[in-house]
């Protein structure tokens, strides 16, 4: 499997279970690209929604994608600390067009003090019925929520001290 090259600018595409495009993040710079992990950075980029709306992110962010985990993170650097928006979704794929994953609705927001909140359970329940998520998928996603919470408590991966700050310093070299 090929993977995005360090320093290259890519798009990130999220899809829904039914195969429809959900969201596109533009102009994201790859800081580390391997077959197992992609770390990327962006700042005030355009995000295109499937319904045609566009919006711009408000702050710099470090993005973390894992080829073996059913979650990814957007680590937002704000004046009062780092906020983490964790998406439950498939492990990433890379196909030269974009880094891609399927978004499965559930999210965990983590605050600078490492408190967290599980979001969008109602959206998950609705989409699981509408798009007929198989029972095996529910098992995988529930286990992934537990694994993600474990990472947060253990300060693993992007939650480790200095992880985001160190990658942000690398990102600034490419801006």
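Each Cβ is built from the backbone N, Cα and C atoms, and glycine gets one as well.
Taken verbatim from Swiss-Prot:
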- 23: active site, proton donor (ACT_SITE)
- 87, 103, 107: Mg(2+) 1 binding site (BINDING)
- 105, 107, 120, 123: Mg(2+) 2 binding site (BINDING)
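Where Swiss-Prot records a feature, it is marked here on the structure.
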residue	record	contacts (Cβ under 8 Å, 6+ apart)
23	active site, proton donor	13, 14, 47, 48, 49, 50, 103
87	Mg(2+) 1 binding site	14, 71, 72, 73, 74, 101, 103, 107
105	Mg(2+) 2 binding site	88, 120, 123, 124, 127
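Using the Cβ center of 87, 103, 107 for Mg(2+) 1, the list of other same-chain residues with Cβ within 8 Å runs, in sequence order, 14, 71, 72, 85, 86, 88, 89, 104, 105, 106, 120.
Listed in sequence order, the residues 88, 104, 106, 119, 121, 122, 124 complete the 8 Å Cβ shell around the Mg(2+) 2 site centroid, once 105, 107, 120, 123 themselves are left out. Every protein chain shown contributes to the tally, and the Cβ of residue 120 (Mg(2+) 2 binding site) ends up with 18 other Cβ atoms within 10 Å. Secondary structure from DSSP puts residue 105 (Mg(2+) 2 binding site) in a beta strand. In three-state terms derived from DSSP, residue 87 (Mg(2+) 1 binding site) belongs to an extended strand segment.
Secondary structure at residue 123 (Mg(2+) 2 binding site), taken from DSSP and collapsed to helix, strand or coil, is helix. According to DSSP, residue 23 (active site, proton donor) sits within a strand segment.
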